[in-house]
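The structure under discussion appears below in the form of structure tokens.
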């Protein structure tokens, strides 16, 4: 009897699409799904480009290797299961890729991003590659702690309901001594704000070391709380050169009983952020997250990572607040797209909605929500639009719009608080802030000289530029 010869190892190079393009595949509930905007080089078919993305972000490499025979590639490979042309774009495609759950370490955003947005983004066969959206399976989400506390617990801690929270970034962002910094914090909190904030640039520079800042700020918080009978807070930035120093600062903040700390999650990194989020839950600290560096990653349409993905990743990694743009201020943000990722930050379940850039239905499986923070070039005339756009579960941050008041910091804070309370009352009475917002502010000016002065100062300040991030 003659035995058939085994095919054995077949060395060589073959097209990615022969293995990784599987249009008949139906994604499983346990698959992690990703949507990439792919711009192939001229002459590269979209099927080959999509398959290359699936291969290079999972099990593939440029040539067949002998060790492929030592595992079950069909079990572990990524699969490009659908390709759609991008509307109104030439030679650009949405490629949908499914990744098996076993490719990712439990509870690690770092590992997920290392795989999905790793070396493939430098692939020569592609002119551009952007990760537009991602669907985390419930089985993977349940391995994450998520936000230290979430929106509901934060409101209970603050005893503040039925309105957005009000904040302010202390300016100038660099150069103040710790004592003068604490003075500005006190004036803003006494004037009516709920929070003040370290700028993302503030860490521990020669003009103001972190420990001095923490102590003067905490003194300001305690004094303003005693005078106003309201819970107050300041986002103390614990971002540091090393994780050990970051945790040292966080532990000191917990010792002095400050209510909330802050982290720059993209420059600090997801490993550091997840570590900090777990610490904050254990210690009862709220965690404010700044997105410094995000525009380097997400602003270009054809290459990078969309902010909705970065926001989803932050919700898994952990944070109670996250900056999300303003729509109406000085920073980039188109309304529909912004509200799409705001919903992804704070809702339990979000349906697919292509009009808002949401490519997948996302179930967060009871993971706490993240409060969006609107900050950047906003002032009292923007208040009606901000309340109408973001609703109650948000934090509105006025930096220059508080500290730039002609009468000083405390009157600037009072002007913003009066404008907010007037908008909430008008909304609750059934008035439309979209149509009557300016009238609501003008009426409030009659009984608030602080607001009247702010309105006069900023009556002609607008930031009207076309958003780059559009569908």
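Even glycines carry a Cβ here, placed using N, Cα and C.
Database features, via Swiss-Prot:
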BINDING   119, 169, 173, 291, 323, 375  substrate binding site
ACT_SITE  171  active site, proton acceptor
BINDING   197, 199, 200  Mg(2+) binding site
MOD_RES   197  N6-carboxylysine
ACT_SITE  290  active site, proton acceptor
SITE      330  site 'Transition state stabilizer'
Are there any residues in the same chain, six or more apart in sequence, whose C-beta is under 8 angstroms from the C-beta of residue 119 (substrate binding site), and if so which?
56
In this structure, which of the binding-site residues 199, 200 has the fewest other Cβ atoms within 10 Å of its Cβ?
199
For each of 171, 173, 290, 323, count the other CB atoms within 10 A of its CB; which of these recorded positions has the top count?
290
Intrachain C-beta neighbours of residue 197 (Mg(2+) binding site), sequence separation six or more, cut-off 8 angstroms
167, 168, 169, 170, 234, 235, 262, 288, 397, 399
Using a 10 Å cut-off between Cα atoms, which of these recorded positions sit near residue 173 (substrate binding site): 199, 200, 290?
199, 200
Return the member of 199, 200, 291, 375 nearest to residue 171 (active site, proton acceptor) in space, with distance defined Cα to Cα and candidates limited to these binding-site residues.
199
Roughly how many angstrom lie between the C-alpha atoms of residue 199 (Mg(2+) binding site) and residue 290 (active site, proton acceptor)?
9
Taking only the Cα atoms, work out how far residue 291 (substrate binding site) lies from residue 200 (Mg(2+) binding site), in Å, as a whole number.
9
